[in-house]
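**Q** When I checked TrEMBL for this same protein, it listed these features:
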type: BINDING; residues: Ala23, Ser24, Ala25, Gly26, Ser27, Gly28, Lys29, Thr30; note: ATP binding site
type: DOMAIN; residues: 2-476; note: domain 'UvrD-like helicase ATP-binding'
type: DOMAIN; residues: 514-812; note: domain 'UvrD-like helicase C-terminal'
Amino acid sequence: MPKYTESQQAVIDQTGNNLLVSASAGSGKTTVLIQRIMRKIEAGINIDQLLVVTFTNLAAKHMKQKLEAELNKRITKLMKADTASDQVRRLRQQINLLGVANISTLDAFCLRLIQRYYYVIDLDPVFRLLTDNTEGLLIREQVWNDVREQLYGDENQGPVFAALTSNFSNDRNDDGLSSVVMRLFDFAQSTPDPDDWLDHLADAYQLSSDQIAASDYYQQSLLPLLRTDLSNAISSTKAAIKIAENNELLPKNIEALTQLNQDLNILHNQLGSLDWNTLRDTIDSFKFPRLKKKYPDDIQTAAAQQMGANVDAAKDSVRGINTQYLVTDEGTMLDVMAGSAAMVNALVTAVKQFKAAFAAEKRRRHVLDFGDLEHLALEILTTDSESGRGALQQMRAQFDEVMVDEYQDINSLQEKILQLLSRETPGNMFMVGDVKQSIYQFRLADPLLFLHKYQDYGDNPAHGDRIVLAENFRSVENVDNLTNLIFSQLMDAPVGQIDYDEAAHLKYGPKDYPATMPQTTSVLLYQTGEKKKANQGPAEPLSPEEEANFSIDDPAEGSIMMVAQKILALKAMDRPIYDRGTGEFRPFKYSDVALLVPTRNHNLTIIDIFKRLQIPIVVNDAQNYFQTTEIRIMMALLSVIDNPYQDIPIVTVLRSPIVGLDENQLVYLRIQNKTSDYFQAVRDFHDNYPAKLDHNDYGDAVFAKIDRFLDQLTEFRELARRNQLVTLIWRIYERTGFLDYVGGMPAGKQRQANLNALYERAHMYEQGSFRGLFQFVRFIQKMQDKDQDLAEAVAETETEAVSVMTIHGSKGLEFPVVFVMDMSKNFNEMDTRTSALMDREAGIGITYLDPKQRVKYPTLPQMITKQVVGKKFRAEEMRKLYVAITRAEQQLYLVGTIDTIENASAKWQKNLSYPNLVLSAQARTTAKSDLDWLGMTLIRHPDMQAYWGDEQPAFSLAADTTHVQVELGDADTIGKPDTSMTDSETQPSAVEIVEQAVSPDTLDEGVQEKIQAILNFKYPDANLTVTTAYQSVSEVKRVFEDPDTPLMQSNSTVTAKAAEPVSRYVSDHLAVPQFLQTAQTPSGAEIGSATHLILEQLPLTAPITTEVVTTTIASQVERRVLTADVAEKIDVDSVVGFYASELGTQILAAPTKVHREVSFSLLLPVNELSGNPDDEDHKVLIHGIMDGYLETDAGLILFDYKTDHVEEPSDLLEKYAGQIKLYATALKSIYPGQTVTQYLYSLPQQAMVPVTN
C-alpha cells in the first residue's frame, strides 16, 4: 500500500464536516481525491451517491479511468487472496455504476438535473443544447440588432439610448456600446440573481450627500484608497530616512526628510475631515524637499541615489491622489456623477431588454446555451412549490458528499448551486484546489470564494476543516526553493490576494531523486544592446558560416535562439534526464521540453527558428485555423460559389491548386476585359476565345483550365441551392481532389485534418437553426473581422517533439524541462483602461461624456473599480507565474529580453534598500512584466551579488539555499555553440562523429565510390537556387551596372560566389516600422519618392506653375501622404522646369495621351539578362513601375525622371540605361509594333538624356 504523508492521510480519512484542501502544485491532489472516494466505497457508500464536480470534461474522463483502474487493482488483489467474494462483487458493482456516476463538470450535472426536473419550472423538455458557440453568437447578434433598433425607434427611450451609444461608441459605429452590453450581460449571468445585480449598479452613482467627502461612498470606498497612497508615501519616506542615517548623509537631508515624514503623517490624519476641494488644494501645494545626491564618496553617492528614488516614489504617491482621483473640482464631479447615474440606468435597461429578448428567442428555437444550464438548475432548486421543494430534498438525499475539484475556479452562481445540494449540519462538502493556481478570471472565476473559506475555516473550525498539502512531489528541491524565494517576496494579501506564508511554501516531497541530482534553475537573458546608428550604412554580406548563425533583428528571435541552443546542448549531453520509473539517468528526448508562452504572438517565430535548427516542435491549441492556406482557399471558393462577383476570392481560387493559373495567366485574363469585375473578364474570355482564329498553345492551356473551373462552379452553385452545406463541401473535395492534394504538401496530415474539421464544423453549424452557404460565409467573415479564430484540428503529431503551449494550457501538466518564455513582455492591462470597468463586488465604473462640452470625465466608481480590477489583475498575473514555474520537474529556465544587464540590474537594485522580506507594494504594483518581478526578487539573493553594485541588501537572504544562475546572450554570441551545458570539456562536432563512424578503412571500394558520387553531386540547376524567380526592375538594373556580376552565374562559378547573389537580390532586413524610427533628416530616397508622387499627382489640364506645384504638395501633406519635413525638401523649381522643357510641353499638350506611374509584370527568359545560353529554358518574373510614357503619332515616348545629383546628365546612362531598357521591353510587349523612344530626365540638372538601343 502506498505511503501517504500525514496531511494526505488526513484528507483521505476526514469525515463529519466540510473540508477545504489547499493542495499546492505537485502535492498529489488527484491521487488523494481518488483514495478518498475509495474510502467512501469501503464505508458502504455507492459511487453514484457521490457528486464529483470537475473543471473540464477531460478531467472527469480521466478521473473515471483512474477510479476504474483502482477498483480493478483492488479486485485483483482480493481475488489473489481468494477471499471476500462479497467485496469483489461490490467492487464490480461500482465499476458498473461508473457509467451513471455523477462525475462530470457542473454544466453536465445541471443538464441532467434539468432533464429530470424540467416540469418544476414549466420548461419544454424538447430542447437542444448549443454545444458550438457559433450559433449562439449568431443568435446574440441578431437579437441585439433587433433590440437596438427598437430602442432607437422608441419615442421615450430613443434620445436616451442615442446618448448612451454616444457615450460608449465612436462616430463611425456603435460597436463600443455593443461590446459593453455583451460584457455586462455575461458578468450578470455569472451571479445567482442577474437582475438584482444589475438593478444595484447605479447605487454607487447616487451619493448620499451633496458634499462628496461626506458621502458614504467616499468614506467607505475612496477614502481607504487615499489612505493607502499616503501610507505608501510615508513608508517610502521612512526608507529614505533610514538610508540617509545608515550612510551618514548630510544632516540637512535627514532633517528635511524627517519634516516631510511629519507633514505626511499630519495629512494622513486629516484625510477624513478634509472636504474635496480643500484636499485637492492641499495636494497641489504640498512641498517636497530638494536633497543633495552627489558626494565625494561613491558609496554615499549611490546611497543618495537610492534615497532620492524613495522620495520620488513618495512624491508619486502623493501627486497620484489628484491625478488619479481628485481629477476635477467638486461641482463638476457632482454633475458628472448625476449624468453618469442616468447613463448607467439606461445601460441596465438595454441589457435587461436584451436579456429578455435573448431568452425569448432561445425558447422559440427550443435551444439552451451553457449559461442557461446553471441558472435553470438554480431555478429548479429554489422554486418555492411542492415540486421544487421535492426536487431539492431528493437531490440532497441522493448525495452523501459533494466533492469539488479545482474549487478556486468556480463563481458565485456555481457556489450557490453547490451549497443547495449539500447539507449544512453536518457539512458534507469536500473542496480541493489551490488559490495560487486560480488563473481563469477571464472566465469569471472568483478565487475570493476559496480565500474566504480558507480564512473562515482557519478561524472557525466548526464551519469546516482546513488541510494544507504543501509537499511538492513533482520537482527537484531547487525548483521548490526558487518558487518560495520569488513568491515569499511578491505575494501577500494586499497585492496578491493571499499571504505566501510558511503554510503556503512548497515543501520538498520526493524521496526518489538522487542526492547528486543536478539542480538547474537559470535565467536566460537576451541583450538587445544599443541600436545601430543610422549613419553606419548597410551591413556587409554574410558568409555562409555567418548565415548559419542566423541574423537577429527581433529581440524575440534572440531569446528564442538562446532557448533553441540550450535544447540542442541538452540533446548533446549524455543522459541528462532522471527517469523516476527506472531509477536511472536516460538520454534526453525532445518531448521532455515544454515552452510556456504568455501569448501566442511569437509562436510562428518559434516554429520558424526550431524548423531551421531541425528541432521537432508541436504547438498546442494554435488559434490560427482560418489563417491556414487550405482553409483560406476553401473559404474563398465557398465565397465564390455564393457570389462569384468578388475579385479577391475569385483570384484566390484561380491561383490556387484547384484551378492552377499562374500570375501571367491571371494578367492574360484581366486583359480580356480591363473595366469590369474579374469574374466577368473570365466569362468574356471563356465565351469569346473559341471563336478566335489566332489560337495558340498558351491561350488553349488557359481556356482548358477556365472551362473546367466554370463547369465545376456551375455544378457547385446548383448543389448549394439544393443540398446541405456539408454535401457541397464533400463534393468539392471529391471533384477537385483538393483534400488529397493537401495531403501531399508539408504537414499534409494536419492540413487534411483542418479540411475535415471544416466539414465537421459546417455539419455542427447546420444542426442549429441557421442554414445556407451565405449565412455560413458571412458568419466566418464576421469572426475574422473581430479577430476571432479557432484552434487547428488535432491531427496525428510527432510525439517526440518539443511542446509549445500557453500557461493556461499547461495547467495540470508537468515536464522534465520547462522554459518560461517572454517574461519581459509587458502586462496587457487593457481591461483596466476600457470605458466600462466591471467587477462582481465593485459593480461598473464608467467614463462619462459631457454632452455639451464633449469632454470625457472619469467617475468615482470608475476610479475605484479600476483599482479593484487592477489589483485582481496583478494577483492573477502572479498566479500565472506560479503555475508556469511549478510545471518544471528537473530543469527550469526563465527567459526574457533586456537592453543591457547593466541597465536591468540598475533598475532591480532599487529594491536592495527595502528592509522587509515582502517587497514594497508600490514596487510590485508598478512592475510592468514578469521579468520586473523576477529581477526585484532575485537581486537580493547572494547568487546575484555580482549585480549589487556598491550597495548591500537591507534585508539579507544569505540563509536561502536556492541556487540560481544568470546566462546572458546577444546577437554576437547566440549563433555560437553553447558550452554551458556540456558534461565534459569537449563535445565532438557532428562532422567528427560522422567521420569517426564512417572511416574509409571500414568500407569497401564500391561503397566508397558510391558515397563519393553522392557527396560530389552537383545540382545541374544550382544557379537557380541563388536568386529568386521574382525580381524588381530596381534589382535587375544592377546587372546592367555591373557586367561582371550577371543575374545568374554559370555552374562553374556558382560554388565560389553562392552567397553574393542572395545578398544582392534578396533583402535580409525588413524596413523598420515607423513607430520605431527615430526622427532624422529625410533621406535622398524619401525625397525622390516624394518628388515622383508630386509629378504623378499634378493636374495636366493647365500650365504647371510654382503655385500649382506647392498647392499639390500641400494637399498631400494635409492627407498625410507626405510628412511636412519631406515636403519641404522637394525641389519645386525643378518640377516646374520639367514641364517647361520640350518633353514637358508635349505632355501638357496631350494630357489624355499621358500615362503616369504604370506598373507591369514581365516574364523574360533568364538568358536575356544573364547572357548564359544554358539559362534559355528558365524564366524570371520582373515587376516594375514606369514613371510614364506618352502616346504620339510617331510612336511612344518613354520617360523616367531622376533626382540623383550627378556631375553630368550623361552619367545617368551608366546607372539607369538597363532599367529603362527593361521598361521599353515591357512597353513593346503591351504595344506590339510600336517604336519606343526612351529618355532619362535629370530634375536637378533640368536636362533630358536620350537612351539609345
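One is the number of the first residue shown, and numbering goes on along the chain from there.
Here the Cβ of each residue, glycine as well, is placed from N, Cα and C on the backbone.
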**Q** What average pLDDT is reported by the model for the domain 'UvrD-like helicase C-terminal' (514-812)?
**A** 83
**Q** Determine which residues of the same chain, besides Ala23, Ser24, Ala25, Gly26, Ser27, Gly28, Lys29, Thr30, have their CB within 8 A of the center of the CB atoms at the recorded ATP site, and list them by sequence.
**A** Asp434, Leu469, Asn472, Phe473, Arg474
**Q** So for Ala25 (ATP binding site), how many other CB atoms are inside 10 Å of its CB?
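**A** For Ala25 (ATP binding site), the count of other Cβ atoms within 10 Å is 26.
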**Q** Note down the number of other Cβ atoms within 10 Å of the Cβ of Gly28 (ATP binding site), including every protein chain shown.
**A** 23
**Q** Going along the chain, which residues six or more apart from Ser24 (ATP binding site) have their CB under 8 A from its CB?
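**A** Ser24 (ATP binding site) has long-range Cβ partners Asp434, Lys436, Val468, Leu469, Ala470, Glu471, Asn472, Ala504, Leu506.
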**Q** In three-state terms from DSSP, label Thr30 (ATP binding site) for me.
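**A** Thr30 (ATP binding site) sits in a helix per DSSP.
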